[in-house]
Amino acid sequence: MERKPLEVESTDHHQKPSSAVYGGPVTAVDSVEDEAQEPKVVFRGWKVMPFIIGNETFEKLGIIGTLSNLLVYFTSVFNMKSITAATIINAFSGTINFGTFIAAFLCDTYFGRYKTLTVAVIACFLGSFVILLTAAVPQLHPTPCGNASTCVSPSTGQIAFLLMGLGFLVVGAGGIRPCNLAFGADQFNPKSESGKRGIDSFFNWYFFTFTFAQILSLTLVVYIQSNVSWTIGLTIPVVLMFLACLIFFAGDKLYVKVKASGSPIAGIAQVITVAIKKRGLNPAKHPSLNLYNYYPPKYANAKLKYTDQFRFLDKAAILTPEDKLEGDGKPSDPWKLCTMQQVEEVKCIVRVLPIWFAASIYYLTITQQMTYPVFQALQSDRRLGSRGFVIPAATYVVFIMTGMTVFIVIYDRVLVPTLRRITGLDTGITLLQRIGTGIFFAFASLVVSGFVEERRRTFALTKPTLGMAPRKGEISSMSAMWLIPQLTLAGVADAFAAIGLMEFYYKQFPENMRSFAGSIFYVGVGVSSYLANFLIATVHRTTQNSKTGNWLAEDLNKGRLDLFYFMIAGILAVNFAYFLVMARWYRYKGSDDEVTSYETNEDIIKQQQDKSTA
């Protein structure tokens with residue numbers, strides 16, 4: 001998976017683009033190695049962080065402020081049915097997440113991160129503006145329904161204009177997610193201690209601003225949208241996105257802009273193609289010794305040793321009399337002969353895929369907890385305090401973020417030091433153990449969700465209700481605060497699994513595929529969104545004429561949402577068992593020039609002890 005040396009765009013238009021030739025992606029160097037031949041490139045680190053973090057904060061506030069309440073917006077302004085709105089939201093979320101993979105490919109291969117982000121932030125602003133117009137201009141949404149039993153459906157033109165806004169948001173959010181983190185890290189020097197600390201701090205600030213934006217959007221912005229005015233509530237994200245654009249472009253002359261350096265996809269294709277071509281060859285008797293291995297100078301990736309999994313790929317590195325080499329030992333035709341290094345890098349990717357599949361099923365929990373609890377809240381008692389303040393239904397989802405944020409601090413400051421003393425591991429537990437714990441908490445969240453919905457429905461059917469929810473049904477006297485446990489458990493699950501998965505992909509993918517490592521997480525979330533759509537449609541179609549009634553009826557009191565939750569909990573239980581098998585089978589990619597395949601804590605502890613005595 002060799003790529004051409006990475007280059008940095010020059011901010012001086014009178015100079016040729018400068019080249020930074022290192023073993024990996026250029027993130028922050030004060031100058032290139034040969035100043036006589038290459039112009040000096042200055043990387044400013046924290047000096048440009050006000051532009052990057054400021055842009056990140058306003059941008060997240062703008063995007064989340066637009067997206068967080070779309071479910072209610074679709075049902076109350078566009079007069080959509082709940083199942084239609086949930087289907088559109090899931091499809092929209094899935095498309096954004098799949099878009100990150102395309103954006104990572106285009107970013108790595110053609111445009112670089114700065115140009116990709118330039119297009120993305122403008123697209124996000126345009127998308128937010130179009131969504132605002134659908135609320136502000138009466139002709140762009142159907143006639144308000146009020147408490148009427150039948151409502152006017154949106155016209156084809158109104159739907160088309162709405163979809164145009166969502167399309168801009170797909171382009172924008174899909175481009176920002178895989179590039180923003182890496183672009184911020186590009187501003188620091190990874191070869192200096194201050195640069196390394198700067199990168200670590202930037203990652204912390206990134207996740208802080210992301211969570212802060214979610215909490216603020218799901219409280220203040222959602223409240224204004226639901227209780228004051230949709231036009232005012234959607235104007236706020238547009239203004240914030242405009243500010244994000246201004247802040248981002250204000251730092252144009254100061255940024256480090258790493259040029260596109262070619263995609264590693266070609267290397268993967270070469271290994272698979274050559275392995276198929278040479279499938280008739282006998283396997284190497286001693287692969288670690290007999291397979292052809294050429295490690296190019298200044299290669300971006302750590303040197304890997306041979307592993308005995310997926311041995312059918314080894315044939316791509318068998319040297320035959322027909323294969324020709326160049327003077328430096330490099331294969332003349334990479335579509336006829338690959339190196340053992342290339343094969344091992346492809347094995348790293350293939351090895352991750354079963355874990356990625358389990359993660360995609362896991363995210364069904366978060367997908368459901370972001371949609372149906374909103375409908376549960378609409379038909380629950382949302383009053384707070386003696387003055388009767390009503391909490392917006394979409395605001396309850398903030399407890400996922402709150403649970404995640406609080407538990408991250410507990411995990412880092414309490415659990416990790418405690419577990420470190422027990423296991424002897426620097427991280428307390430392995431990455432796969434962390435992910436597995438998250439899947440377990442997700443299962444617990446769904447079980448609690450089922451029991452809480454059963455309680456809410458029982459209250460609605462057997463006790464005095466609090467009136468009618470427009471186009472829904474009777475409002476249960478059960479307090480919506482009962483939704484907090486299931487949402488908090490989902491947040492704890494994400495603190496374990498989501499962050500663990502991001503770190504897992506980042507460390508287990510080859511170094512020159514870290515843009516794709518960032519996108520594959522979101523692709524998994526996208527898969528879960530489409531899977532959720534499939535489950536909703538299947539359950540709706542299967543149960544609408546059953547004796548128990550439609551599980552996902554528009555009026556939750558007539559449905560059986562509790563059974564739907566229990567069904568997904570069953571799926572997650574099977575997925576958890578599958579994950580345990582795959583985790584037992586998995587072999588971690590080594591670091592630096594060593595590749596140690598370890599499966600137990602004892603192996604990792606031994607490796608740490610060897611390093612400390614070396």
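The backbone N, Cα and C atoms fix where each Cβ goes, glycine too.
Straight from TrEMBL, the features:
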{"type": "COMPBIAS", "residues": "1-15", "note": "compositional bias 'Basic and acidic residues'"}
{"type": "REGION", "residues": "1-22", "note": "region 'Disordered'"}
{"type": "TRANSMEM", "residues": "61-79", "note": "transmembrane segment"}
{"type": "TRANSMEM", "residues": "85-107", "note": "transmembrane segment"}
{"type": "TRANSMEM", "residues": "119-139", "note": "transmembrane segment"}
{"type": "TRANSMEM", "residues": "159-183", "note": "transmembrane segment"}
{"type": "TRANSMEM", "residues": "203-224", "note": "transmembrane segment"}
{"type": "TRANSMEM", "residues": "230-251", "note": "transmembrane segment"}
{"type": "TRANSMEM", "residues": "389-411", "note": "transmembrane segment"}
{"type": "TRANSMEM", "residues": "431-452", "note": "transmembrane segment"}
{"type": "TRANSMEM", "residues": "480-500", "note": "transmembrane segment"}
{"type": "TRANSMEM", "residues": "520-542", "note": "transmembrane segment"}
{"type": "TRANSMEM", "residues": "563-586", "note": "transmembrane segment"}
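Between the transmembrane segment (230-251) and the transmembrane segment (85-107), fewer than three CB pairs separated by 6 or more residues in sequence fall under 8 Å, so the two stretches do not touch.
The stretch in 61-79, 159-183, 431-452, 480-500, 520-542 that contributes the largest number of Cβ pairs under 8 Å to the transmembrane segment (85-107) is 520-542. Through the fold, the transmembrane segment (520-542) approaches residues 83, 86-87, 90-91, 93-98, 100-101, 177-178, 352, 356, 359-364, 366-368, 371, 498, 501-502, 505, 509, 550-552, 564, 567-568 of its own chain, all at least 6 residues removed from its boundaries and within a Cβ separation under 8 Å. Between the transmembrane segment (61-79) and the transmembrane segment (159-183), the number of CB pairs under 8 angstroms, six or more residues apart, is three or more, so the stretches are in contact.
Listed as Cβ neighbours of the transmembrane segment (563-586) (distance under 8 Å, sequence separation of 6 or more from its ends, same chain) are residues 351, 354-355, 358, 361-362, 364-365, 368, 372, 432-433, 435-436, 439-440, 442-443, 446-447, 449-450, 453, 535, 539, 548, 551-552, 599.
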